[in-house]
Amino acid sequence: MTRTGISVKRITAWRRRPWAGYAVVLAALAAIAGIYAGFSPQTDSAEAANNTQAAADLQNGQQLFNKNCASCHGLRGEGTKDAKGNPLAPSLLGVGAASVDFQVATGRMPAMNPGAQMPRKEPIPEFNTQIKTDYHDPEKRAQAEKQKAQAEKNIADLREYVASMGGGPPVPTKEQVGDPQKGDAALGGKLFRTNCAQCHNFTGQGGALTGGKYAPPLSKSDVTPTQIYEAMLTGPQAMPVFNDTTLTEKDKQAIIAYVVQSREEPNPGGNGLGRIGPVSEGLAGWLIGMGLLVLAAMWITAKKPKKLKKS
Amino acid sequence: MSEATAPKAAAPKAVDAPLTFLDERLGSTTFFKRNVKKVFPDHWSFMLGEIALYSFIILLLTGTFLTLWFQPSMHETVYEGSYEPLRGVKMSQAYASTLHITFDVRGGLLMRQIHHWAAILFMASICAHMLRVFFTGAYRKPREINWLIGIVLFTLGMLEGLFGYSLPDDLLSGTGLRITQGVLESLPLVGTYGYMFLFGGEFPEGMNGELIPRLFTLHILLLPGIFLALITAHMMIMWHQKHTAMPVKNQTEEQVYGYPFYPVFMAKTGAYFLFTFGVLALLGAFAQINPIWQFGPYDPGAISSGSQPDWYMGVLEGSLRIMPNWEITAWGHTLSLNVLIPALGPLGIIFTGAALWPFLERWVTGDNRSHHVNDRPRNAPVRTGVGMAAVTFYGLLWLAGANDVIAERFHVSLFATTWFFRVTVIIGPILAYIITKRVCLGLQRSDANVIGHGVESGIIVASPDGRFSERHEPAREEERITILSKENARPEAPATDANGIPAPGTKGPLGVLRSRLQRAWTFDDIAVEEHEHGNGHEGHELEAGKSDKELRH
């Protein structure tokens, strides 16, 4: 009894101390924190690891940017101008990830030399995701696959870094791009003729524009559906922007379906002659048609009858 | 040739009886007897015109096939045929029926392609044939009328082609019709009326889709009828006047040297028809032409880059492309020189020039004789130079019509090509004239050398005193005859006679112009003639006895 009385007394005594209220609040907070920690697994340590990874990616993106882009676009992506104030390279603030993905994955950026228009070319090794990986030698294959994965990561890091400077359209998802084989090619053809053919030609063979610029051909299979989507979204170089109010997602998918399906379609009439219309037809008519007939005429007139019956 | 009348061994009754039947009613034997032995000279370039004739026959046959399914109607329909990518698209019946011919009619695509290739070759061969006739002077008296018919045929061929490729009502041909509208409207005073008259209202539909049916009637009825008439006239005149011939051995102005129509030339020309048909079938089977399903139906709101017409309209396209944007506005009316000049200027110069040329040449040279033996191009340097200038002018404008394709394929700036053609279309013909004339004169000089000194034999001879010289031998007989076909320029008539009276035809400004032109035509002519031998030439001296014998005729 005494013992108990003592202990109860002691607790009671502590309870009345001036610091008791603070102690209880502190203990309750500690308990809540402990329970919370028990119930949510991905906290603190995981979060911290993620943050370091993202920071490292961003750092990688920044390094790639500084190395490959900053010399023209400026260290903060603000663009550069020549002495007269004419822009040398545009500002990248607000261009977004889709634009970076398009320009870098098609090899247009980093540009090799300034000109009327940056040509599509093989990307530099750091960004080249099109490298050959089907080697027989497993070691070589593993290395090529590693290099490819690194290039994909580099592009992703770079576009995240540029996107972090200021927003812009993100890279379209697989769902947005859709399956070109299932799209509405009839609608796409109509939209293509109205919006695209005036520069890219009926069948996407490309065409000349003013001042040394040109609309690149869409007829080669290395122009991927995602790149076509990105081009419509961001309007690279001389191309206008076709945002979602001009051409809805469904319209864009239809256009991609038309481009992909028509370039895969065989020519029912024989050789397509480059699918550029009457210029190559005229050339073929004169060179092959007239050429063969002139040869035939020469052959026929060179034939002398062996013995012409005198009559 | 008279032996043909000799009675032959009696033919079998089965052959003889029908022949006698026909002969008694039509009297055709005499006609054939007179004509089947007609002699045709042999040269490959004489076959160029035949390509046009045979292409035309193939055009008629394939065209008839196409009319069996084609619907010349602009009424709107929704495509439900077998070409998947255009299913459910609204289009005119003309376009839909062309798709039907292409994808659902057996052999339809092949027929369409042969028809189109035949049109390309028809125009190309007329062009090549006219160049041959021009450069050999075959248009000279008495053949001026046939020359004019040829020019009319080529001009009408352009229209026929334009109407023909406009019929399917696809996006490309619609663009061509849009330009046709612009050209019609650019004509001063009558432009708008002419446009409304042809199109039956506003482009492209008119009041009730009149345009395509009208083009169809013109394309399959009126123009082919005119062609048939003109080609018949062309052939009959040619048959009557006989063919010109190249200056070869045995060929004179009085007598044609060659093979008789039956059996030799008939076999050759028959075989050549088969060749033409074969080449067209090859092209039609293996080279795709005018793939209208790729172009899509016509829509005034759409256009494609690289929109070009067929080749024979390319010269118009090119002149339109390089023309500066000039317009004059006066009294509230706009005169669109930017369309009017390219539409009428270049072809006006070329066709009018070509039509007037035989008469101009006759007036300048005063040569009123009939000619049946062709000139070698080098022997008429002014004519050849002018011809090459025209070819250059036409060729540059033609290329300019493809300037965007050139810019795109060869990675040059589009503006650079425009300026290149603007400059060269003026400088080029002048350069071509000068260069061609110098080349002709150089060839004349070399001919004179061959006749005067013989050809180098490649045999080096040492003379007794140790000198080396190359022996020259007279040219082969055939070569000599061809070279000597050159008619040397006659010495210029004195401007005034002994009494100071000007020569007839040299008075007045026209007379002065004429004598100046006549001088320009001949002043630098190099006489090609046989020299006296033994004129100090080493090689000849050594072989004097032998070569004299061979050279003297």
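Any Cβ shown, glycine's included, is placed from N, Cα and C.
Small disclaimer: the values here were computed from a predicted structure and weren't measured.
For B:18-247, the entry in TrEMBL reads domain 'Cytochrome b/b6 N-terminal region profile'.
Through the fold, the transmembrane segment (B:51-70) approaches residues 94, 97-98, 100-101, 105, 108, 111-112, 114-115, 118-119, 121-122, 124-126, 128-129, 167, 216, 220, 224, 227, 231, 235, 272-273, 276-277, 280 of its own chain, all at least 6 residues removed from its boundaries and within a Cβ separation under 8 Å. Here TrEMBL flags B:51-70 (among others) as transmembrane segment.
Sequence annotations record features per position, and here TrEMBL assigns transmembrane segment to B:114-135 (among others).
Distant neighbours of the transmembrane segment (B:147-167): 70, 72, 94, 98, 116, 119, 122-123, 126-127, 129-130, 133, 139, 173-174, 176-177, 180, 212, 215-216, 218-219, 223-224, 226-227, 230-231, 233-234, 237, 290, 309-310, 312-313, 351, 354-355, 358; these residues of the same chain sit at least 6 beyond its ends, with a Cβ under 8 Å from one of its Cβ atoms. According to TrEMBL, the transmembrane segment annotation covers B:147-167 (among others).
Per TrEMBL, the feature transmembrane segment maps to B:216-239 (among others).
Residues 47, 50-51, 54-55, 57-58, 110-111, 113-114, 116-118, 120-121 of the same chain sit 6 or more residues outside the transmembrane segment (B:271-289) yet have a Cβ under 8 Å from a Cβ within it. Feature annotation from TrEMBL assigns transmembrane segment to B:271-289 (among others).
Panel annotation: around the transmembrane segment (B:339-360), residues 130, 134, 139-141, 144, 147-148, 151, 154-155, 182-183, 185-188, 315-316, 319-320, 322-323, 326, 386, 390, 393-394, 397 of the same chain, lying at least six beyond its termini, place a Cβ under 8 Å from a Cβ of the stretch. Per TrEMBL, transmembrane segment is recorded for B:339-360 (among others).
Note on the transmembrane segment (B:380-400): residues 131, 134-135, 137, 311, 314-315, 317-319, 321-322, 346, 349-350, 353-354, 357, 361, 406, 417-418, 421, 424-425, 428-437, 440-441, 444, 520-521, 524-525 of its chain, located 6 or more positions outside it, place their CB under 8 angstroms from a CB of the stretch. Residues annotated as transmembrane segment in TrEMBL: B:380-400 (among others).
Through the fold, the transmembrane segment (B:412-435) approaches residues 318, 321-322, 324, 385-386, 388-393, 396-397, 399-400, 403-404, 406 of its own chain, all at least 6 residues removed from its boundaries and within a Cβ separation under 8 Å. What TrEMBL lists as transmembrane segment is B:412-435 (among others).
As annotated by TrEMBL, region 'Disordered' applies to B:467-510 (among others).
Summarising the annotation, TrEMBL assigns compositional bias 'Basic and acidic residues' to B:467-481.
Annotation comment: TrEMBL describes B:528-553 (among others) as region 'Disordered'.
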Non-local residues, at least 6 beyond the ends, that sit with Cβ under 8 Å of the transmembrane segment (B:216-239): 35, 38, 53, 56, 60, 63, 67, 70, 72, 143, 145-146, 149-150, 152-153, 156-157, 159-160, 163-164, 167
Mean predicted confidence [pLDDT] for the domain 'Cytochrome b/b6 N-terminal region profile' (B:18-247): 92
